[in-house]
């Protein structure tokens, strides 16, 4: 690519990174914040609205309870941030919740966390993209009119981008995230100024509507339940907080300290934005309802299904900046962009978690190698399919999708924090230095409180949301759990079956064969055959013969003539096949040989063409492949492919090489692939894959 | 299977045949007739109706011209039958039109015939099934109300049946075909008796309708064109006549004579049924129209889209036996059954033609082996997809589908007969025996007339039907032709590339390597590794080492410990892979070795697991497979799979064996796979596949 065309790309997405160059490009805090915080920060785009929305069930009067809910969420946010700061220090390898739970609570807990996280990644994509579409739709009506279609298109684009392996840099995250944070902060400040100084009449677009309360005179237990449900929904603001704890290795030194600082910064920003947005929403009289068509009333009449309920953040922006103004459109756009970036983080996280799970033999071993394109592709496509299905089924309605979210997040929060408590207990048992002990006891206290509070929230979320849709998430987790347990059980049983015998002990399966019979399969005297013969001859096996199948006597005759003409000194055996089969006569011949001398081994050489174009595969090697498939089932046989590279194979070789140099998306978030985890593992993984 | 449960099956489908038992079960004429004639005989179910339908454009008054068209069709039928009797004698190997055209007119003509036949098979399925559904629908209204669905279901069932490889016998053809022929003959006789003796008032269900002529006062050229078009449509009766010429080897001796007699019998039956049905249709005042909804009038008003135009054969049956009577229902059912059997013959013919084309390298070589399940499966699924698409697009309307039919049939008729003329000319040039010469000259005369007449009909069909839909068939033929030419060109260029050098002449590609470096890939010390090591040791290569990739230091450490503990005397080399890749380090290592000693060859041993269940493939061997794929692109490398059969592989081995013993559908039609064709071939096929 010429320098000229490269330039705009570099400006757009910053310096390209290759995974093997990654060691040199660790993230400073100012870049790490946007890279890891797009997910948690973007959730303030929908979390405040959810609180109002649930409260509206008891009418607008219930909105006055929202500050209390906000306080509870802020307390929770600080607790979770404080807890994860402990994780970051204790697990600088970027292990994440799965590792913390597995190491401290055992594999079952770890697998539960993994299942929860897998569901969570799917939900992150579905919720973030739906919410992004809704925010964009506040400024661009077309988008909201074709909501599901637009959401699916964005999922498709993200999937393509990630499959192609876009080389990303910190900058691509930094610009939209800082624009979003800056925009929201300007909005909050400008709103405050207008409210205080000018006592201007800031009114949200829905300020004139009234809310039809579904229940009147609610009180006692029912009111408490509603409050708890509003709180559960607001907890959506917490999603993604754990991301930094997975990314410690990507930070500059001192890694843990920098990560902890970034975590605190992120928590602070999230809290400020959350409080600011919900305060302005109350001040500008934003009205939200779970079923806007029937429960929002204009002059006493329901607004009807033609009404679009805009997200709280754009309603506030409309009130502060004016509907359709440039800052309003700007904020809608960057909000949508940050939400799409948040979805993109799941595209990075899903395959990485898959690779860790594969290493522990909970998923197919081929997902194991990080940075392997195929492993990533499978994960990415799977994630996109799940998320696309959810978006389609739930009509890209972020409110309905949010009912499924959060469960998984709090399952992993709770188990991770509980695991941390165990972690400190274990270390305290041996630690003697008083200063360290003090620090550990303090950390344990924080994690204990974190575990307690997140556990409590988990119970609340399950109680208040189970019938509203959380059961789908629980079901998804259970399915992932069962699948992974089954795969692990399979690998374990294979591992037992294959275990090497105790050294020195005899094993019938491993009896050393006494002689080797070599058979070269030939169909014609051409270069691949000649090469296979000359390679086979190199091995000085005990016997060597060429084998051909007589499918067409004319072809066979010409083979025999060529054989003589070329003076090939290997005996040529021709098997008859009156029914024009190829595989069966060869298999029967090999089996007969084995029966005659069971202690020998048979080595079959197959000349194979190596071709370059996909359709050439359909035209060549199919019989050889099938024959090989059947030969491998015959004990005491080994099969050697002697390749002949056709001219066209060169293009395929280059394509394969290019694929291999592909850099996995999300590599910037993972940092240097550091020394592997040092925690003891339950069992050595099966290494043969 | 117990004898008891086997009994009803044996009664139903006769003695089961295995393809390798086939030699003993040649067909007597009484069985051969139904086996080969279900296709041509079944066409009398739709051909007579087509004649009336086209004539109705000029109003009912034009029906009086139908006897002349019938005469033309009968003449044509006798000509074609007489011509193919010559083919049967000249090509007793069952070569068929493709072989006759290729041998006598060259490969281009042969390929044209092949393309025509492939299109024809698709059309046979689409037309026969649509027509069968219409016939069944005369008795069972549900079927006609869900016409497309029912047609697709029948296609699906036939496909499944053929994929499973139902073992068929002559009886399965004999019963419905004789029932159909018998039923039609009884109908004709009973109709004649009623007409003559009782002068009964036999009236078809549509006798009271009038036909709205689309053109009035038609005359001159337009009328001639209409007559020719009606004739073209009636020629549908000719489809399938050539089938016997492909099946000569399946006949009892004297094969050619018996086949010729059967051909004559079939022609006679078809003519009798055609004349009988069209005569009765005229006598009972059957009314047909191309657009029945608007052009059929009851009391001066169009019958409307609710009206179903029943096929002429069931209308006649309704008139003769009474609508809804037992003989009427019986005739509808056996007509449908024979039409489905006719469709089934295409399921047999399509893959067989594919195998012949593959042998001549016009289609992928893996279709070559007859009786191979995979080859058949691909062909069957492709045929079903094409036919299903046509049925869906044309609403299972046999009349509209028939516009696409017949073109292909007459292309192959014409080219085959022209080829036969050449055949006799060639033989006459050398033949001296006067009696033989006389016979040859007579045969040549018959074939010349056949070629002339079928060529004329082909021109008429193209002229009158091209814009009515025949262009689709022509397009299909062109596509098949281009595809097959392209494949052949590819194989030819590969064949040139691979041609062995002249004996004794040196060739750089074939330089004999001086030494062999053996590398055994290991990941763990378990049984498959130990076996691979002991097999590799058998080969006394110049160097032998074990190679492992350090993806996880803990795993690598454990491997090295085990290596020592087992006292393995092969040096173990460990390659570092900081980015947890497996393929790249190995490829780079192998390439470096090759660079160091370019005249040596590297032999890579890969321990492979052989598993039994499909999902186990996802869990194992994936890295090995991909690695192997890349290694084969590296010159000077050969790859040996050392299989380890897991316990579960036993079930897969049995499954593969069972699949191999599967008998291909339609084998009863092909007879003993005789000695291959003796005619000279243009070029030796590439034998390596």
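Note: Cβ is positioned from N, Cα and C throughout, glycine not excepted.
Taken verbatim from TrEMBL:
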{"type": "COMPBIAS", "residues": "B:676-689", "note": "compositional bias 'Basic and acidic residues'"}
{"type": "REGION", "residues": "B:655-689", "note": "region 'Disordered'"}
{"type": "TRANSMEM", "residues": "B:65-84", "note": "transmembrane segment"}
{"type": "TRANSMEM", "residues": "B:111-133", "note": "transmembrane segment"}
{"type": "TRANSMEM", "residues": "B:139-160", "note": "transmembrane segment"}
{"type": "TRANSMEM", "residues": "B:172-197", "note": "transmembrane segment"}
{"type": "TRANSMEM", "residues": "B:217-241", "note": "transmembrane segment"}
{"type": "TRANSMEM", "residues": "B:262-283", "note": "transmembrane segment"}
{"type": "TRANSMEM", "residues": "B:328-353", "note": "transmembrane segment"}
{"type": "TRANSMEM", "residues": "B:374-395", "note": "transmembrane segment"}
{"type": "TRANSMEM", "residues": "B:401-424", "note": "transmembrane segment"}
{"type": "TRANSMEM", "residues": "B:445-463", "note": "transmembrane segment"}
{"type": "TRANSMEM", "residues": "B:469-487", "note": "transmembrane segment"}
Most Cβ pairs under 8 Å with the transmembrane segment (B:217-241), selected from B:111-133, B:172-197, B:262-283, B:328-353, B:445-463: B:445-463
Any contact, the transmembrane segment (B:374-395) to the transmembrane segment (B:445-463), with at least 3 Cβ pairs under 8 A: no
Contact check, the transmembrane segment (B:139-160) vs the transmembrane segment (B:328-353), 3+ Cβ pairs under 8 Å, seq sep 6+: yes
Criterion met for the transmembrane segment (B:401-424) and the transmembrane segment (B:172-197) (at least three Cβ pairs under 8 Å): no
Positions whose Cβ lies under 8 angstroms from the transmembrane segment (B:328-353), at least six residues beyond its ends: 38-39, 41-43, 45, 96, 98, 114, 117-118, 121-122, 124-125, 128-129, 131-133, 135-136, 138-140, 154-155, 158-159, 161-162, 173, 176-177, 179-180, 183-184, 187, 240, 243, 246, 311, 313-314, 317-318, 321-322, 367, 370, 375-376, 378-380, 382-383, 387, 664-666, 669-670
Ranked first among B:172-197, B:262-283, B:469-487 for CB pairs under 8 angstroms with the transmembrane segment (B:111-133): B:469-487
Long-range environment of the transmembrane segment (B:469-487) - Cβ separation under 8 angstroms, sequence gap at least 6: 111-112, 114-116, 118-119, 122-123, 357, 361-364, 400, 403-408, 411, 461-462
